[in-house]
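Enquirer: Sequence annotations record features per position, and here Swiss-Prot assigns site 'Transition state stabilizer' to Arg17, Lys24. Annotation source Swiss-Prot lists site 'Positions MEP for the nucleophilic attack' at Arg157, Lys213, citing sequence analysis.
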Amino acid sequence: MSVGVWAVIPAAGRGVRFGSPVPKQYLPVVGRPLIVYTLEALAAHPAVCGLMVVVAEGDLAWSSWTEVAGKPLLTCSGGVTRAASVLSGLLALPQVVHADDFVLVHDAARPNVALSDLERLLEAGCAHPVGAILAVPVRDTLKRAGADGSIDGTEPRERLWRAFTPQLFRRSQLVRGLQVAAADGIEITDEAMVMERQGLRPLLVECAESNFKITTPDDLVRFEFELARRV
């Protein structure tokens, strides 16, 4: 993988679902903010040449880092939604990032992406006409619930995947799609959805389950366990 890419990390969320007074991306994990692990995991790949972190307006928790692993680390202010923050980050990328360049978008609270998974995403995504996302096939049995909470049926899972990040797409296509979705009042839940709305079909690249997102306190405990295994 020789093509250099920038990564956009939306980190303007307040972590309301987590239930902490501190946004979860800044929660201390073994003495360091959670987001530091995320940034280091991305910067560890030689093809990642810079990172753009999108923070909330007036964010006092951000420590004004300017580099990670010797790579430039820039910041900009985000929006009310994740999609708005991603758009802000894409528009704020430096001039060295061209319209047709591939860009990674990665959750700030997903600190455990494996270098091997990142490598496979970049290899497959940059060779694909649209791009690619990391994902995990659904392996559990899925039940459809009725309005009263009882089971209405069982859903086939053979072609269902759980979307993870990073997600890799061309900058111009993401910008255009996010702008159109905002104008149409569409709630965007991930970058692949932006491509789908343009009639495009991104590639699914399977990754490890350990690339989970920190959403609950139990997830944080799980990540601390993963860190202990590295020692």
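Glycine is no exception: its Cβ is also placed from the backbone N, Cα and C atoms.
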Enquirer: Are there residues of the same chain, six or more positions away from Arg157 (site 'Positions MEP for the nucleophilic attack'), whose CB falls under 8 angstroms from its CB, and which are they?
Expert: Val138, Arg139, Asp140, Thr141, Leu142
Enquirer: In whole Å, how far is Lys213 (site 'Positions MEP for the nucleophilic attack') from Lys24 (site 'Transition state stabilizer') when you measure between their Cα atoms?
Expert: 11
Enquirer: At a 10 A cut-off on CB-CB distances, which of the recorded sites Lys24, Lys213 has the highest count?
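Expert: Per the Cβ count within 10 Å, the most buried is Lys24.
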